[in-house]
Amino acid sequence: MIEAEENTLALPRTLVLVGLMGAGKTCIGRRLAQMAGVPFVDADVEIERAAKRTIAEIFATYGESEFRALERRVMARLLAGRTCVLATGGGAFMAEDTRALIRLHGLSLWLRADLDLLVARTAGRTHRPLLNNGDAREKLAELMAKRHPVYAEADIVFDALDESQDASALRVRSCLLSYLADHAETAP
C-alpha cells in the first residue's frame, strides 16, 4: 500500500498516459489520480459513452478509421476539461492532431513495456479488437514497431516493469516530480 507521505502529487495540467494495450495505463492511472486528488478518466470508456457502443462494436460496425475520428473528438473534449489523469487508447497518440492537443493542454507520459509483459497482460482478453484475430504476440510486435517511434515523442518515457501497481505508481510519481522540477512547472 502507498504510504500517506508518498500519496501526493501536484499536477499542473492533465497527465495523459500513452502506450500499448497492457502497459498499465488504467491501473497506474487510477493510482496516480488518487495521489493527485484529481479524477481518473479512461478515454475508451468516454468513447463508449459517446457512441453508446463498446469499442469492439464500434470497430466491427464502423471500422478503425471511424473509431479514430470519434477518439479524436472525445480526446479534444477531455483535454479541454478540468485537470485529470487521462488514460488513452493505444492508438490515440498516433494521430498528429491529437498529439498537438496533448502538447498544448496536457503532459504526456509513455508507459513503455516490453513484449513479454504486454503479451502476459493481454492474454485471454477479448475486449481488445486489434488482438482478436491472429497471433497476439505477433500483432503486439507489429504495433510496437509502428507505434514506439511516435510514443517516443511523449514528454516523459517510463519503463513499465512486472511489479505491483503501487510500486509502478510510486516510480511514475518520482519520474513526474523530476520532470516537473526540471521544467519548472507548478500546479496552479
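FYI, residue positions are counted from 1 along the chain as it appears here.
A Cβ is built for glycine as well, from the same backbone N, Cα and C atoms used for every other residue.
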Practice item. For the substrate site that Swiss-Prot lists with Arg68, Gly90, Arg147, give the additional residue from the candidates Asp42, Asp44, Asp116. Key: Asp44
Check your understanding: If you count Cβ atoms within 10 Å of the Cβ of Ala23 (ATP binding site), leaving out that atom itself, what do you get?
Key -> 25
Review point. Cα within 10 Å of Lys25 (ATP binding site): which of the binding-site residues Asp44, Arg68, Arg147 qualify?
Key: none
Revision key, fill the gap. One residue among the binding-site residues Gly22, Gly24, Gly90 has the fewest other C-beta atoms within 10 A of its C-beta, namely Gly90
Exercise for review: List which of the binding-site residues Asp44, Arg68, Gly90 have their Cα within 10 Å of the Cα of Ala23 (ATP binding site), in sequence order.
Suggested key: Gly90
Practice item. Could you list the residues of the same chain, at least six apart in sequence, whose Cβ is under 8 A from the Cβ of Arg147 (substrate binding site)? Key: Leu20, Gly90, Gly91, Phe93, Met94
